[in-house]
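**Q** Input: one structure, supplied below.
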Amino acid sequence: MEITDLAAEGNALCRIDDMVMFVPFAAPGDRCTVQVVKKKRNFMQGRIVSIESPSPIRKGPFCTHFTVCGGCKWQHIPYEIQLRAKEQQVTDALVRLGKVEVEEMQPILGSEQTEYYRNKLEFTFSNKRWLLPEEVQEVDGDFSPEVRYGLGFHIPGMFDKVLDIRECHLGAKVSDEIRLFIREYCMQDPERYPFFDLRNQEGLMRTLMIRTTSTGELMVVVVFFRDDVAAREALLAAVAERFPQITSLLYVINTKCNDTIGDQEVLLYHGREYIEEEMEGLKFKIGAKSFYQTNSRQAYQLYRIAREFAGLTGDELVYDLYTGTGTIANFVAGQAHRVIGIEYVPEAIEDARTNSLLNGIENTLFYAGDMKDILTNDFIEQHGRPDVVITDPPRAGMHESVIDAILFAAPRRIVYVSCNPATQARDLALLMADGRYRAVKSRPVDMFPHTHHVENVVLLVRNTE
């Protein structure tokens, strides 16, 4: 089969008898033997058995875990072609499928840094690591920790299988060093530090989170399933001694069935309880539970574009919807009269207020609650109709009542930041349905090189302007 194009979810595609087949890890121009692994009414899913003639654009992957990890599906695609594919993805979602008329489709803003760009990585300990095909027979029947223990990423679609990661080109290089040190330290005494059994909910070592900032600060969070004080203290002391540059060394005792720590107490072992990121002279406190865009450099570019689209002069009332920890709200506050941020997570709103105080920003207000319950007509009448609305919703997009509230508020400009162009197109169509708004420009931003994910910013302007 000849692979003809890149497609959704990081797949490539070919056609068999007018039916589309999605094939992961293929490149346009590849001629390959493909096995059908799933057949639906309108499409098929396949996998490469062998590549008979590689595409001239195909390049060698930079990571030994490529095709198994699932994290960077486009390592074999040159970056400039990745960018073109993401541009096309946005155009298809908005214009071809969403029927949204956009006056100016601006070119994608690529990332200067295409490796080691993530500021946050989370790893899972497992006593049943994923065995590669060449390992299966070699270790058959050997269930020793040396063979079966792993610390790394979940295999896609398999919650209880973890790929033992020896190198990762996403996070800062120090993340590799810390992860490998902790792994080897625990492996010296596996009875004292048993890796977690995800299916049977047993073990001690559960997850590991490492966060970094562009200013060089470093946070390490070790999550244990139970509290073995002596084992915990010995491990954390060893980590602190080996990596004195750690700004914040934290731990969590999580006895729940799931790995989320949002409802768990985060305890300080050494250093500060937070790290600080900096953006255009502003400081942002980041705790273990705080949300912050995982590509710091591109986050600045994304927010800069959003602020530029907002066209602020200093007199505007701005609503920042889905404000998170108030990064956008605080970022634009210096060019607005007042900014009101709304967010579902109460802890995030506390972070937003803290960040305003940290930077001496006095013209922000933050409210916590479900967006559709907070952003009502009464709220708008009480706080004033915004001149500009900036919205950055989750992948699912905005609730229809939120769209209705925005239309009631009738701002002069709406800046829509999205990590999902498909739901963005749906919401834009609703905002533009009665002709009150027109889509003036759209600009994609690549936050995640070597993946299919893309952010997009769209400016809507009220037609009376």
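Glycine is no exception: its Cβ is also placed from the backbone N, Cα and C atoms.
For 1-50, the entry in Swiss-Prot reads domain 'TRAM', with the evidence type sequence analysis. According to Swiss-Prot, the feature [4Fe-4S] cluster binding site maps to Cys63, Cys69, Cys72, Cys168. The feature S-adenosyl-L-methionine binding site is assigned by Swiss-Prot to Gln293, Tyr322, Glu343, Asp392. Per Swiss-Prot, active site, nucleophile is recorded for Cys419, and the stated evidence type is sequence analysis.
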**Q** If I take the alpha carbons of the residue listed as 'active site, nucleophile' and Glu343 (S-adenosyl-L-methionine binding site), what is the distance between them in whole Å?
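**A** With distance taken Cα to Cα, Glu343 (S-adenosyl-L-methionine binding site) is 17 Å from the residue listed as 'active site, nucleophile'.
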**Q** Within the same chain, and leaving aside Gln293, Tyr322, Glu343, Asp392, name every residue whose CB is within 8 angstroms of the centroid of the CB atoms belonging to the recorded S-adenosyl-L-methionine site, in sequence order.
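**A** Other same-chain residues with Cβ inside the cutoff are Phe291, Asp320, Leu321, Thr323, Gly324, Thr327, Ile328, Pro393, Val417.
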**Q** Give me the long-range Cβ neighbours of Tyr322 (S-adenosyl-L-methionine binding site): same chain, 6+ apart, Cβ under 8 Å, in sequence order.
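**A** When sequence neighbours closer than 6 are ignored, Tyr322 (S-adenosyl-L-methionine binding site) has Ile342, Glu343, Tyr344, Met371, Thr391, Asp392, Pro393, Pro394 within Cβ distance under 8 Å.
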**Q** Across all protein chains in the structure, which of the binding-site residues Glu343, Asp392 has the highest Cβ count within 10 Å?
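**A** Answer by Cβ density within 10 Å: Glu343.
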**Q** Over the domain 'TRAM' (1-50), what does the predicted model average in pLDDT?
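**A** Across the residues of the domain 'TRAM' (1-50) the model's pLDDT averages 93 on the 0 to 100 scale.
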**Q** Using C-alpha positions only, work out which of the binding-site residues Cys63, Cys69, Cys72 is nearest to Gln293 (S-adenosyl-L-methionine binding site).
**A** Cys72
**Q** Could you tell me how many residues in the domain 'TRAM' (1-50) are helical, how many are strand and how many are coil under DSSP?
**A** 3 helix, 32 strand, 15 coil
**Q** Tally every other Cβ atom lying within 10 Å of the Cβ atom of Cys72 ([4Fe-4S] cluster binding site).
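**A** By my count, 23.
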**Q** Could you tell me which three-state DSSP class Cys168 ([4Fe-4S] cluster binding site) falls into?
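**A** The three-state answer is coil.
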**Q** With an 8 Å cut-off on Cβ-Cβ distance and a minimum sequence separation of at least 6, pull the same-chain contacts of Cys168 ([4Fe-4S] cluster binding site), or say none.
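**A** Listed in sequence order, they are Cys63, His65, Gly71, Leu121, Ser175, Asp176, Arg179.
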**Q** Does DSSP put Glu343 (S-adenosyl-L-methionine binding site) in a helix, in a strand, or in coil?
**A** strand
